[in-house]
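Undergrad: Quick one: structure below, then a few questions.
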Amino acid sequence: MHAKGLTAADLASYGISDVTEIVHNPDYDLLFKEETAPGLQGYERGTVTSLGAVAVDTGIFTGRSPKDKYLVRDDTTRDTVWWSDQGKGKNDNRPLSPEVWQHLKGLVTRQLSNKRLFVVDAYCGANPDSRLKVRFITEVAWQAHFVKNMFIRPEADELAGFEPDFIVMNGAKCTNPQWQAQGLNSENFVAFNLTERIQLIGGTWYGGEMKKGMFSIMNYLLPLKGIASMHCSANVGEQGDVAIFFGLSGTGKTTLSTDPKRRLIGDDEHGWDDDGVFNFEGGCYAKTIKLSADAEPDIYGAITRDALLENVTVRADGSVDFDDGSKTENTRVSYPIYHIKNIVKPVSKAGAAKKVIFLTADAFGVLPPVSRLTADQTQYHFLSGFTAKLAGTERGVTEPTPTFSACFGAAFLTLHPTQYAEVLVRRMQAAGAQAYLVNTGWNGSGKRISIKDTRAIIDAILNGDIDRVETFTLPIFNLAVPIELPGVNPAILDPRDTYANREQWQEKAQDLAQRFITNFDKYTDTPAGAALVHAGPRR
């Protein structure tokens, strides 16, 4: 699929000069040829696996670098962005001066000048009314492949007149030697300018910086229009019933929303407007550590030609060792969404959600595997966004550690969390949606709750069984927990029963409750936040 008309002069208008060749909107066959070319060195080189997918390495950057993320603070953003240096809540929106931005832009444009470049034009957002037209520019073939997988691929007639709303310039090979004098975190950078509508990447090869970069931008633009912007997966049943799954990386969004009984809308990033829920993306980005055909047949089956594996171990015979986490626990695969058979067609969108599921991976072993939330508890747990940071999704995280991430995606929020909560709750109330808290993490046995039990819990939520069974109230957290559910081991529903004695649970629960209370304090400086304190745990 080749759009016409992009010239060196067009790239010169972005500051990229003397381009030797533009490979514009390459098809998958050309990308395969380019990324596996014999002469490629280092991280540019792709390896063909026995599954047909190409595997690449991203070097030391096997996850995002949130401490290297910056937004230009200017008249556009000064009063709207949730800045890291303002208010109680910590976040990754570090302010950047226009002067330092110009320096970083010069570094990237010089890196891309005098080169053979890959340019991919794509959409972010399945709804034509709110989608972004994004132009990605890179000198690395597999990075072009990544964005072709992950974003929505325009039709030929749409490419013909493509005028980008946003430009992403990936200069992975360049770094910033002046970072210390400029007061930055390191020589690497992921920087955004909402006035110029450009993202710059330097120093990191991790493909997810392009994906999550555009998510951060949608998280800025959509809520200001009253559209919910959500870090969630979504699917739809045969009756048109939509469910959305919130959760941080590794909590099960992709796995649990990929269900043979339901059609997938998307696995990670969605909007919710007057027409319903819609995907931002045209692909999936699934974790592959310990992946097996038996446990996750849909994802395993999607790893064929045109899929792109990251940081996996490829054996000499071309087979992939999915159990090997020696490079990172955050091994990944990107693939176009149509590699999953059971998807919403022709456009990844459906109606309003009726079931809202908050996924948490509780490293403490305190929370029940499932509970039904009241309206106030829904807001409380959405703003709390409790989970465990799982090993490998960010640099430097090698052991599970408890964390609170507002809206189950604080790293990608560009506005204050309460703005996302307010928009989501309005959408839920209008649709009559019900929320549930599902723990995909650990219990008192020290083992992770089995995917078999978690899938049975999700089935009970989606088919309504959970709303028809008797519940008990779990103390301290005041959560309504079902006494039994079809297909779920009854011994795990009350987390207290998974400990040698209930006092052990009580002690851990009081510790975790205090962490919730301490974390939520940052929202009590607003009347809306203060009114929700009662919906949280009490020691």
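Along the chain as shown, residues are numbered 1 onward.
In case you wondered, yes, glycine gets a Cβ from its N, Cα and C as well.
Below are the features I grabbed from Swiss-Prot:
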- Arg64, Tyr206, Lys212, Arg332: substrate binding site (BINDING)
- Lys212, His231, Asp268: Mn(2+) binding site (BINDING)
- Lys212, His231, 247-255, Glu296, Arg332, 448-449, Thr454: ATP binding site (BINDING)
Undergrad: Compared by Cα position, which of the binding-site residues His231, Gly247, Ser249, Asp268 is the closest one to Arg332 (substrate binding site)?
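TA: For Arg332 (substrate binding site), the spatially nearest of the binding-site residues is Ser249.
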Undergrad: Rounded to an integer, what is the Cα-Cα distance in Å between Tyr206 (substrate binding site) and Ile449 (ATP binding site)?
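TA: Here the two Cα atoms are 30 Å apart.
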Undergrad: Whose Cβ lies within 8 Å of the mean position of the Cβ atoms of Arg64, Tyr206, Lys212, Arg332, the substrate site, other than those residues?
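TA: Close Cβ neighbours, site residues excluded: Gly63, Gly207, Gly208, Glu209, Lys211, Tyr285, Asn330.
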Undergrad: Return the residues near Lys212 (substrate binding site) by Cβ distance under 8 Å, restricted to its own chain and a separation of at least 6 in sequence.
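TA: Arg64, Ala411, Phe412 - these are the non-local Cβ neighbours of Lys212 (substrate binding site), listed in sequence order.
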Undergrad: With a radius of 8 angstroms around the mean position of the C-beta atoms of Lys212, His231, Asp268, what other residues of the same chain does the Mn(2+) site pick up?
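TA: Other same-chain residues near the Mn(2+) site: Lys211, Phe215, Ser249, Glu269, Gly409, Phe412.
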Undergrad: Where does Thr255 (ATP binding site) sit by DSSP, helix, strand or coil?
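TA: Note: Thr255 (ATP binding site) is helical by DSSP.
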Undergrad: Quiz question: given the binding-site residues Ser249, Thr251, Thr255, which has the greatest number of C-beta atoms lying within 10 angstroms of its own C-beta?
TA: Ser249
Undergrad: Three states by DSSP: which one describes Arg332 (substrate binding site)?
TA: strand
Undergrad: Write out the long-range same-chain contacts of Ile449 (ATP binding site), meaning residues 6 or more apart in sequence whose Cβ is under 8 Å from its Cβ.
TA: Pro369, Asn439, Thr440, Gly441, Trp442, Asn443, Ile492
Undergrad: To the nearest whole angstrom, what is the C-alpha distance linking His231 (Mn(2+) binding site) and Thr255 (ATP binding site)?
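TA: With the alpha carbons as reference points, the distance is 15 Å.
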Undergrad: Could you find out if DSSP has Arg64 (substrate binding site) as helix, strand or coil?
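TA: In three-state terms, Arg64 (substrate binding site) counts as strand.
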Undergrad: Give me the Cα-Cα distance between Gly247 (ATP binding site) and Asp268 (Mn(2+) binding site), rounded to a whole Å.
TA: 9
Undergrad: Sequence gap of 6 or more, Cβ distance under 8 Å: name the residues on the same chain that satisfy this around Asp268 (Mn(2+) binding site), in order along the sequence.
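TA: Correct list: Phe215, His231, Cys232, Ser233, Lys253, Thr254, Glu281, Cys284, Tyr285.
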Undergrad: Counting across all protein chains present, how many other Cβ atoms fall within 10 Å of the Cβ of Lys253 (ATP binding site)?
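TA: I get 27 for this one.
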Undergrad: Could you find out if DSSP has Lys212 (substrate binding site) as helix, strand or coil?
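TA: It is helical.
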